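> Supplied in structure tokens, the structure appears directly below.
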Amino acid sequence: MKDNSLRSAPELTHQPGEPGYTHDLYQLLKRLHLRDEHEPPIAPGVMRDWYDLKSEHIGKLPLRDRHVHQLALTPRATLGGFELSSYAAGLATTVCAGIFFGYIQDLGDTGIAGGVLLGSLVMALVNRRAYEAQQRAHAQLGLPAPTDRYTGMNF
């Protein structure tokens, strides 16, 4: 077994592969992310150790349950309150729709505006779907609602 600095963390009261271990890992992640500014910074490699524990745990779960635990333990990558994946989807939609409406359909500026509007709509929908999926996973596993990394507030 690989040496891992987090194996002896007080939050880890269950064994990998047990349903309660997901809750333990979630609590450990919250402690790592919601640190006080006066605490020393996280040592390099600590998050890598957390991801290694998560991978070990997910690998020991039954196949039918893995997706829920994986989703519940995936930290949200947000920028300005939106998932980064939603920005990518919105940008791709904006470019494609702008090209289609603006140049292929020869709508000019109206087509570009339509592309931006469609891209913004896709961004909002992807963000909402990701948020709802994670909320369902947390509810199914009995985990508390995910919190914003910087404010600690539920989002």
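Cβ atoms here come from the backbone N, Cα and C positions, even for glycine.
In case it helps, TrEMBL gives these features for our protein:
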- 1-20: region 'Disordered' (REGION)
- 84-104: transmembrane segment (TRANSMEM)
- 110-126: transmembrane segment (TRANSMEM)
> Same chain, outside the transmembrane segment (84-104) by at least 6, Cβ under 8 Å from its Cβ: which residues?
77-78, 110-112, 114-116, 118-120, 122-127, 130
> May I have the DSSP-based helix, strand and coil counts for the residues of the region 'Disordered' (1-20)?
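Output for the region 'Disordered' (1-20) reads 2 helix, 0 strand, 18 coil.
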